[in-house]
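K.L.:
What TrEMBL records for 118-313 is domain 'Peptidase M12A'. Marked as Zn(2+) binding site by TrEMBL: His210, His214, His220. Summarising the annotation, TrEMBL assigns active site to Glu211. Summarising the annotation, TrEMBL assigns domain 'CUB' to 360-482.
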Amino acid sequence: MRGFNQLGKKVWTLILGINILFIWHLECRPSLEILDSRFPEQSDLRPEVVNDGQTMSEKQEVMRLLAVLENKSESQLGIKKDSLSSFASSYVFEGDIILTPVQVQAILDQTSRRRKRKLVSDEYRRWTLPINYRFDGTHDKSEQQEIQNAMKIWSEETCIEFKETNLFNGTGIVYTNEKGCWSYVGRQSSDAQQIVSIGSGCYQTGTIEHEIGHVIGFWHEHARPDRDDHITIINDNIKNDSKSNFVYESWRSILTYDIPYDVGSLMHYGSETFSKNGLRTIETKDPLMQRVLGQRYELSFYDVKLANLAYCKDVCYNKTLSSNCLHDGYQDPKNCSRCRCADGLSGDFCQYVAPSTGQCGGHVTLQWGDKKVLTSPGYPGNYYAGTKCNWMIESPNGTRISIKFTGLFLNYSSCDSSFIYYPCRDYVEVKYQGNLGATGGRFCCNNTRPLEPIVTHQNRSLILFRSRGEGQYGFNITVSISSCGGCYDSTFVQQPFCTKIENYTCKQTWNEIQKEPCTNMWMTLNCDQYKVVTKERYAVCYREVQYCCEGFDLIGTSCLKKGINLTGGDNLSVTYNIQSDTTSNDLLSSDALSQMTSWTEWSNCSRSCGGCGTQTRTRTCVSQDNCRKDFATAEERICNNNICMGFKKFCSSQKQIPFYAMCGFFQTCLRYRTETVYFVCDDLCCAGYSVQNDICVPDS
C-alpha cells in the first residue's frame, strides 16, 4: 500500500506539472492573433477564450495531439527543430475548425503509415432538417440579421432549412459572439447543442456562409485528397507551427459526390493563407486560376451542388426531367421540373446564356475568319456597381476560341500591386475549360490581365463580367477562331493539339483499423488484436485529354498530318505515300480534288460511351467524269471509348464471410465460408469490350 501511495503521488505530481506547463503556455501567448484581416476566420486562438462546450482537459488533449500532428508534418518536410512542441500554437485547426480529441486522433492516424488506434466511423455527420438554431444574446440586432442573411442564402440555394427557436431539446446550433470565427465540422451529437462563433470582424456575408459550410459538414477544399492535382503547397512560405493546417483528409472523411475539385469554392484557402513572408503558400497548377483562390463573396456553383446532393437527393424522388441537364447542371431541388444551372447559364436545361444587365452579353457565333469585339458597358469609361454581363461564345466543331484582352483594363479602389493574388472584387471570368460548370479564370486590376490570348479547350466558352462596386475602364476583348488537331481545317500540316475534359471511373482508397476478437477468450481478459484494412469505393473523376482528329497524329505538343515527317529544327519535309504513278500534285489539290465537295460534319456518335460507338461523314463528287475513283465518299471512325457511368446491369461476386466455430475444448477458431452476392453494377463497356487504362477497348 505504501508503494502504491508513493506511485500515486508521482502520478499526481506529473499531472500537475503538465497542467502548469499548459497554463504557462497559454498565458505566454496573446489571446487572439488575426493572421489576415481579409480572412478573419483564420486566426490563432487560446482555448480558454473559446467557449465551444469542451472541457479544459479535452482542449488540452486537442492541443497536445495537434502538436504531434504539427511535429509530424514538419518532420515529413525535413524540418529539424532543437525541441518538439508539447502543445499546438493554436487551439483551432486550419484557422476556424474546432475538433474533438477523437477527431484530431483520426486525422493523426490518417497521416500515419501504421495506425495504432481504431478510427471512429462517424465523426462527421449530417443534420436532420430543419436545423434548429438560436442566439445566446451576445449579438446585437444588426449582427443577428447578418447571420440570418447568410443562412437565408444557403436555404435559397438548397433544401437546407434553419429554424429559430429558443426552446429546443436535442441537437441544434447556438450562435455566440466569441473571439474569432469558428465551428465544428458537421453535427457532433444527436442530443446536444453545438456552438458556432461569429465574432468581431466576421460579419462579411461570405465569411458567415463559410462557417455555416463547416456546420453542415464541409471541410476546407484544400483538404481533399486529390488537391495535389490542382494546387501546389509551398511549404517554405508557411509560418512556423502552421504546417499541419495544410494536411489533407482521408477519403474516409470526405465524400465528393463526383464533384470536381473547385478552386473557386467559398471553402478554399487563399493564396497567402498562413504565410510568414507575404508570399504565396498555395499556387494553382493552372496560373490563370490563381486569382480565384480564397474568394469570400459567394457560394460557388459546386458548393451549392455538393450541399444539394448531400442533403436533398430525395426531394425530387420519382420526378423525372423531360431532358438531360447540360453543362453540369442538375435537377433543382427547389423546382424539380427544371435544372439548376451554373452562373452565366439559364433555361430549363441550361441550354441558354443567362440574361445580362445593361447593354452587354448575348450569344456570339463565330465563323472562320471572324474577329468580334466584346466590351463592358461604357468602355473605356467608368463601369457601375451591380453590372452583370454574360456571353456565350461558340465556334464550329473542331475549333477552339482565342480570347485576347486589349486596351485599358478594369481598375477599382482596392486594386493594389501589393496584393496581386487577393481575390477579385470585380472581375472578368473566362470559362475556357471543357466544363462550363467549373469556375473559370478571373481577372481584375491591370497587373493581372493576361497578356497572351487565352485559347479554350473546346469550341464553347462563357465570358462573365461581375462588378460589386464602381470602377474605371472595364475591358475590351477580341474573340476569334483557332484551329486545333486538324479537326476543322486540315490545310495546315502541323497544328496545336485539342484538349477536352473527360470523366472516368476512379478508385478512392483509405485505411481503417478493425478489431479482431479473441479466438480464445479464456486465456486472458484483453487479447483483442487490431489490423489495418484497406477500404475503397469507385467514383467519377475528371482529367484533361489531348487529342487530334482523323488524319493527324499527336507528336509531342503538336498534331502532325499523317504521312509528314518533321526533320531537324523547324525544317519541314513532306513525304507522301503514293501507291501508283500519280504525282504528288494529284494528291494535293489538282482538278480532281476540286470536283469533290467538302466533308460533312461528323455525325453524332451512336453511343455516348462504351467503346463501340461510331461516327460517319460523307462527301460527294460534283462531276463523275473528273473525280478520282479512289477518293473516298464516306468515312467512319470509332468514338466515345470512355467508360459508361449510370448504365446498370446485374453482377455477382463471391465473398469470404468470416465466422467463428468451435475447434477444440473451450476454444473457437476463425473460419470462412463462400457466399455469392448479387447486386446492381455499372455496365462499363459494350459487349466484347473491356476496361484497359480507364478506357474501353476491344477484347481482341
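Each residue, glycine too, has its Cβ placed from N, Cα and C.
TrEMBL: automatically predicted annotations, no manual curation.
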K.L.:
How many helix, strand and coil residues does the domain 'CUB' (360-482) contain under DSSP?
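P.N.:
Split into helix, strand and coil, the domain 'CUB' (360-482) gives 6 helix, 52 strand, 65 coil.
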K.L.:
What is the average pLDDT across the domain 'Peptidase M12A' (118-313)?
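P.N.:
Here the mean pLDDT over the domain 'Peptidase M12A' (118-313) amounts to 89.
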K.L.:
What is the total of other Cβ atoms whose distance to the Cβ of the residue listed as 'active site' is within 10 Å?
P.N.:
22
K.L.:
Need the DSSP three-state call for His210 (Zn(2+) binding site) to compare against my parser.
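P.N.:
Its secondary structure by DSSP: helix.
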K.L.:
Could you state the whole-number distance in Å separating the C-alpha atoms of Glu211 (active site) and His220 (Zn(2+) binding site)?
P.N.:
10
K.L.:
Looking only at Cβ atoms, how many others are within 10 Å of the one on His210 (Zn(2+) binding site)?
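P.N.:
His210 (Zn(2+) binding site): 26 neighbouring Cβ atoms within 10 Å.
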K.L.:
Going along the chain, which residues six or more apart from His220 (Zn(2+) binding site) have their CB under 8 A from its CB?
P.N.:
Glu94, Ile97, Met267, His268, Tyr269
